[in-house]
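Record features (Swiss-Prot):
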- 77, 78, 79, 80, 81, 82, 83, 84: ATP binding site (BINDING)
- 65-236: domain 'Helicase ATP-binding' (DOMAIN)
- 247-408: domain 'Helicase C-terminal' (DOMAIN)
- 160: phosphothreonine (MOD_RES)
- 1-22: region 'Disordered' (REGION)
- 34-62: motif 'Q motif' (MOTIF)
- 183-186: motif 'DEAD box' (MOTIF)
């Protein structure tokens, strides 16, 4: 192993190897390259990176792209908003043999939206190379998909575990030339019950395959995957300080009772001439309920959740991305799949039930130095959760000031 530190397997504390008790991995790779030009990337890929608007690699890109390109198995612990999608997109594109029209990389993601988001990033970065990428997701026509995959194998397939397994199983997707396997948001996939499908997909791939795993948290089921399927992985931790709560102003509003949240939201609407906002709730049913209530009061809002069919979800996301719909009400399912540049306001109508989702929700707001505002509605019962979030992220959430509109 080159590049890793000498105490590669030292264990100074209990818990699984390379982990500290807080479920945070310990890095064993110290090389940092802080400039895309110094990464020995193909000229056409560099053009794509700069055309996409990247100027300087983010913390995770500075650390993880090189070991990925060198072919190491890599575990990267990083949240959304850190530039992780581009990290593995660049690594895959650099290793592609473009003239060879076979599928050479496979990416798994927990939701359709995230899979499509990843596909967009890969196609944009690989634009000058002529890279092809197909999104393999449920909710779309299976027959069309088979025809597409058979007509010409895409260089890269990105998809949700269920549909990808289906395509491998029916032999429409050939594992023969796949040399790189990426699991994005592994914690999200395992918590959604995709474990069996992921294990079955591994069984179908070459044993020599390079595995790259990205995860915001490292629960035991994720560690189990790394132990079972990865060889001497490079471990890279993007520490919390480097994450995107920086630049996001976080506030709370005391709402004495749950039923007063609706009025609070409507009051905010009038105060804030918002560019675009996402409102998070904890259940699909509540999303429908709030959407109806807002419509009844003549506020224009769109709703998005996992019970909707794919076409409907696509239309709503398109309207929101283009700015023709300005307020999106949704659940955590989509916190991971929405990357909308203009969102400057996130409202947690419900505080997330687990604190990891907090950064998934508001890490959207201030991407890479863009400013953003997060407003949390807090009832008496929620105060403890909010304090827990503050401690976990080492951050402070202040009471919302009167002039909040000026901050957005």
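Cβ atoms here come from the backbone N, Cα and C positions, even for glycine.
Quantities reported herein were computed from a predicted structural model and do not represent experimental measurements.
Overlay of Swiss-Prot feature records on the structure.
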residue	record	CB count, 10 Å
77	ATP binding site	26
78	ATP binding site	25
79	ATP binding site	23
80	ATP binding site	27
82	ATP binding site	25
83	ATP binding site	23
84	ATP binding site	23
160	phosphothreonine	25
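Note on the motif 'Q motif' (34-62): residues 69, 76, 78, 82-84, 86-87, 90, 93-94, 121, 124-129, 236, 238, 242, 368 of its chain, located 6 or more positions outside it, place their CB under 8 angstroms from a CB of the stretch. Taking the C-alpha positions, the distance from residue 84 (ATP binding site) to the residue listed as 'phosphothreonine' comes to 18 Å. Residue 160 (phosphothreonine) and residue 82 (ATP binding site) are 22 Å apart (CA-CA, integer value). Each residue contributes its Cα atom, and for residue 77 (ATP binding site) and residue 160 (phosphothreonine) these two points are 20 Å apart.
DSSP assigns residue 82 (ATP binding site) to coil in the three-state reduction, placing it in neither a helix nor a strand. Over the motif 'DEAD box' (183-186), the average per-residue pLDDT in this prediction is 95. On the backbone, the CA of residue 78 (ATP binding site) and the CA of the residue listed as 'phosphothreonine' stand 20 Å apart. Between the C-alpha atoms of residue 80 (ATP binding site) and the residue listed as 'phosphothreonine', the distance comes to 18 Å. The helix, strand and coil residue counts that DSSP assigns across the motif 'DEAD box' (183-186) are 1 helix, 1 strand, 2 coil.
Under DSSP, the residue listed as 'phosphothreonine' is assigned to coil, being neither helix nor strand in the three-state scheme.
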